[in-house]
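Colleague: Quick paste from Swiss-Prot:
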BINDING   Thr20, Ala21, Gly22, Asn134, Arg170, Ser204, Ile257, Gln301  UDP-N-acetyl-alpha-D-glucosamine binding site
Amino acid sequence: MNPKPEADRKLSVVVAGGGTAGHIEPAMAVAEAVRAQRPDARITALGTTRGLETTLVPARGFDLQLIPPVPVPRKLNKDLATLPLRLRKALKETKRVLREVEADVVIGFGGYVSAPAYLAARSLKIPFFVHEANARAGVANKLGVKLGGTGLAAVEDSGLEAEIVGIPVRESVLQLDRKALRAEAREFFGVDPEAPLLLVTGGSQGARSINNAVVDAAKTLQDAGIGVLHAYGKKNDIELPAEVQEGKPRYVAVPYIERMDLALAAADAILCRSGAMTVAEVSAVGLPGIYVPLPHGNGEQELNVRPITHAGGGVIIKDAELTGHRVSQEVIPLLRDETRWQAASLATLAAGHRDAAEKIAEKIIAAADA
């Protein structure tokens with residue numbers, strides 16, 4: 001373990017969360033929060049060449065150190081036989097990085113790089129934290145807590161012994177003033193400046209079931225005076241009826257939304273999947289949601305959003321039950337009733353954990369100073 005940071009030595013924190021945005025964004029949010037509290041801190045991100053971190057981390061102004069990926073097979077297969085060798089290589093490289101940056105604390109967020117980070121931190125006697133964003137903990141994070149890491153979780157009953165802190169959300173989302181940006185955001189996307197607006201997204205690749213249902217509901221929503229901003233996915237296409245294309249309020253369809261901050265500011269409600277990071281960002285800005293959990297995996301997407309729906313901040317529609325009629329049934333009463341909408345917005349905000357990144361940063365700094 002590194003000695004307590006001296007006054008003339010910078011605090012050194014390593015964040016490990018590569019692969020998908022769901023692992024990287026919480027890591028970056030915590031990195032930003034540590035930097036806000038300790039501006040001179042040295043922050044290093046661990047990643048691999050396989051993940052989105054190769055672009056996302058440098059774009060946020062943090063140092064990225066690459067290690068060999070170690071995906072842990074969930075089933076018995078040929079990859080299991082090579083796991084020990086791959087893990088040894090990754091562990092050796094991770095130890096090198098931790099020594100080089102004189103790490104005081106390590107925090108992992110799951111994904112390919114977390115297991116080597118936890119093992120290396122334990123071996124070098126560096127205090128480490130394990131953050132689980134999903135409702136059901138992954139293999140790497142379960143390992144991390146068993147190795148002695150301090151568990152932090154987004155929700156109860158994740159399968160980890162952990163303190164509930166929520167999901168760290170980036171500062172740009174936390175500081176988003178939707179009311180102040182509303183007019184600019186609506187002009188940016190070319191949607192109606194006044195009509196209630198439904199934001200629709202199935203993620204960067206889109207979701208066919210969501211696309212089909214919302215297109216089916218398009219005329220009914222338009223007749224009810226509701227506009228739509230629909231990101232249908234780069235690999236998909238949709239065909240709107242001519243009467244909808246020519247009608248008002250406008251139905252604006254785009255393959256992908258680069259300025260999601262402006263989309264959140266423009267919208268009055270969102271229809272989307274319920275990945276952990278999506279739920280965290282939507283709740284952080286107080287946007288009521290109609291959530292359609294991904295129908296695959298272990299059901300974690302539905303569990304991710306349960307705290308929001310139980311609080312009254314949104315509803316869940318199962319993918320198999322998603323139709324144009326059901327979309328209209330949920331969206332129109334929400335967006336045409338100001339009292340109902342306001343209650344849902346406040347419930348969404350209350351159910352979130354806007355201070356998650358700040359709290360985690362405080363714990364990291366306290367562990368380093370102990």
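Positions of Cβ are set from backbone N, Cα and C atoms, glycine also.
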Colleague: Which residues, sitting 6 or more apart from Gln301 (UDP-N-acetyl-alpha-D-glucosamine binding site) on the same chain, put a CB under 8 Å from its CB?
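Modeller: Spatial neighbours, sequence-distant, of Gln301 (UDP-N-acetyl-alpha-D-glucosamine binding site): Arg273, Ser274, Gly275, Pro293, Leu294.
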Colleague: Specify the secondary structure state of Asn134 (UDP-N-acetyl-alpha-D-glucosamine binding site) as given by DSSP, simplified to three classes.
Modeller: coil
Colleague: Which site among Thr20, Asn134 has the most other CB atoms no more than 10 Å from its CB, taking these as binding-site residues?
Modeller: Asn134
Colleague: Using all protein chains shown, find which of the binding-site residues Ala21, Gly22, Arg170 scores highest when you count other CB atoms within 10 A of its CB.
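Modeller: The most densely surrounded of these binding-site residues is Arg170.
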Colleague: With Cβ-Cβ distance below 8 Å and at least 6 positions apart along the chain, what are the contacts of Ile257 (UDP-N-acetyl-alpha-D-glucosamine binding site)? List them in sequence order.
Modeller: Thr201, Leu229, Ala231, Ala263
